[in-house]
Amino acid sequence: MQPFRLSSLGGEFTCPATEKAFQEERFPETLRHARLLFLASAVLNTLFFLSDWRFYGDPHFWIAGPARSAVVAISLLCLALVARTASFRQAQRVMVLWQVISGASVGLLVSSHSEIALFVVVVLPAIFYLAVPTSFRWTLISGIGCSLMMLAGFLLPEPDSPTAPGLILAMLMLNVALILVVSRSNRLRRMEWAATQAERRLKDELAESRAMFEKMFMAVPVPLLVTSRKDGKLLKFNDAAKTYFGKEGGDLTYVRDLYVEPDARTKFLNELAEQGRVSGFETAVRLADGSTRDVLLSAAPVNYAGHGAVIASAVDISSRKALERRLEQLATTDSLTGLSNRGHFTHVAEVEMERSRRYGRTVSLLMVDIDHFKKINDTYGHMTGDWVLSAFARLCRECLRQQDSVARFGAEEFAILLPETDELAAVAVAERLRSSVSALQIEGAGNMPLSVSIGISGIDVSEDTLSDALARADTALYAAKRQGRNCVVFYTDNLREIGAA
């Protein structure tokens with residue numbers, strides 16, 4: 001027999017031993033519930049008894065008075081008896097006694113046929129089903145028995161009442177619904193209890209496997225560290241950790257001494273607190289020889305020697321991180337000049353435009369084209385052309401601010417974003433760049449002059465998109481070329497027709 005199998009009808013454990021263990025574990029809560037039930041019954045029925053004195057002299061008063069007194073008396077008696085019980089079965093006998101006497105007494109009370117009597121006919125069975133913590137069998141017996149006593153008390157004086165069939169059907173529906181509710185409640189409580197028992201068993205098994213874990217801990221070829229969660233003090237480490245970090249136990253007291261970034265351990269502990277474990281936490285550590293390495297940390301909270309601790313493994317990912325940085329560089333930069341490529345520039349520009357829009361800052365955009373670049377390539381070769389492109393990139397780094405962004409857009413075409421720069425400042429930057437290019441001497445090209453044409457567009461961050469600004473700067477660039485090259489042109493509305501053409 002499966003110990004945690006549940007009855008399909010009552011929702012109780014089919015194994016008697018398991019059901020007994022469940023009831024005994026919940027026995028203190030059952031006692032508390034029963035005492036509250038008996039006390040509430042005594043108090044409420046005493047109040048009803050005092051209220052019934054309004055009907056003194058009425059024939060029904062001589063029925064209601066003794067019935068109320070019986071309910072109060074049995075409630076007080078059961079309140080005293082249940083305190084002496086030592087098991088669930090004993091407490092259940094007391095609760096069943098209270099149900100029998102109370103049900104019979106209230107059955108007499110509802111013979112008054114008043115509106116409150118009809119209300120009690122429905123409510124008392126519900127109380128027996130839902131509020132009295134007995135086994136499903138006794139819940140079923142007491143609930144159905146109470147319903148029959150209520151119907152008998154309400155209908156027997158007038159068995160031919162036209163409401164009798166409807167009331168009987170209503171009580172039948174009520175009992176079916178309450179049985180389903182009790183069954184579901186029983187099932188949910190026992191499922192929760194079974195889960196708790198399973199957790200306890202797992203903890204016991206974990207304690208039994210501690211010796212095996214100790215051997216495995218030392219034998220694992222991956223660096224493992226056990227540290228105090230409170231202050232990061234090193235509590236234990238395996239042989240692989242000693243070899244990797246190059247430190248003996250006396251050389252390393254606190255794990256924070258390993259982190260390159262001062263706040264790395266704080267971030268690590270925050271993730272551990274939020275998720276209950278850490279998986280794939282990337283950080284840099286410092287080894288005994290002073291070198292730094294990238295590692296991937298995985299960790300979980302444990303108890304070690306009675307203290308809250310963290311066990312963590314470290315996997316070296318320095319080679320992978322170097323490859324990632326290289327791939328990221330290839331994905332975002334132009335391999336020849338080292339400048340941003342078009343995709344990365346677009347992303348940076350859109351972020352900057354959003355920031356400028358938020359703070360009301362001005363932004364300018366430059367489009368730069370190296371004049372006669374094809375002629376340089378055809379005459380002096382591609383190596384000379386590559387030198388020109390690299391030299392221009394170097395000039396951009398020298399002439400521009402750190403917050404400015406420059407990218408290679410095409411063979412000899414470049415885009416420059418100037419945050420917090422108005423028209424006059426943008427023109428000044430462009431002229432300075434143009435003059436610097438004109439001063440360059442092309443290696444291996446004799447006295448051949450070098451120049452650039454530059455188109456400038458202001459950006460209205462409240463309305464413009466990056467595409468709009470690029471189109472205007474491109475129009476200004478072509479206007480500069482039409483004017484003989486080696487000049488700077490700022491976009492105005494007069495150039496719109498040229499751009500359209």
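Backbone N, Cα and C define each Cβ position, glycine as well.
Straight from TrEMBL, the features:
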- 36-55: transmembrane segment (TRANSMEM)
- 61-82: transmembrane segment (TRANSMEM)
- 94-110: transmembrane segment (TRANSMEM)
- 116-132: transmembrane segment (TRANSMEM)
- 139-157: transmembrane segment (TRANSMEM)
- 163-182: transmembrane segment (TRANSMEM)
- 279-329: domain 'PAC' (DOMAIN)
- 361-493: domain 'GGDEF' (DOMAIN)
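For the domain 'PAC' (279-329), the predicted model reports an average pLDDT of 86. Outside the transmembrane segment (139-157), and at least 6 residues removed from its termini, the chain residues within Cβ reach (under 8 Å) are 10, 96, 99-100, 103-104, 106-111, 113, 117-118, 120-121, 124-125, 128-129, 132, 164, 167-168, 171, 174-175, 178-179, 182.
Taking every recorded stretch in 36-55, 61-82, 116-132, 163-182 and counting its Cβ pairs under 8 Å to the transmembrane segment (94-110), the highest total belongs to 61-82. With helix defined as DSSP H, G or I and strand as E or B, the domain 'GGDEF' (361-493) counts 60 helix, 30 strand, 43 coil.
DSSP places the residues of the domain 'PAC' (279-329) in helix, strand and coil in these numbers: 12 helix, 31 strand, 8 coil.
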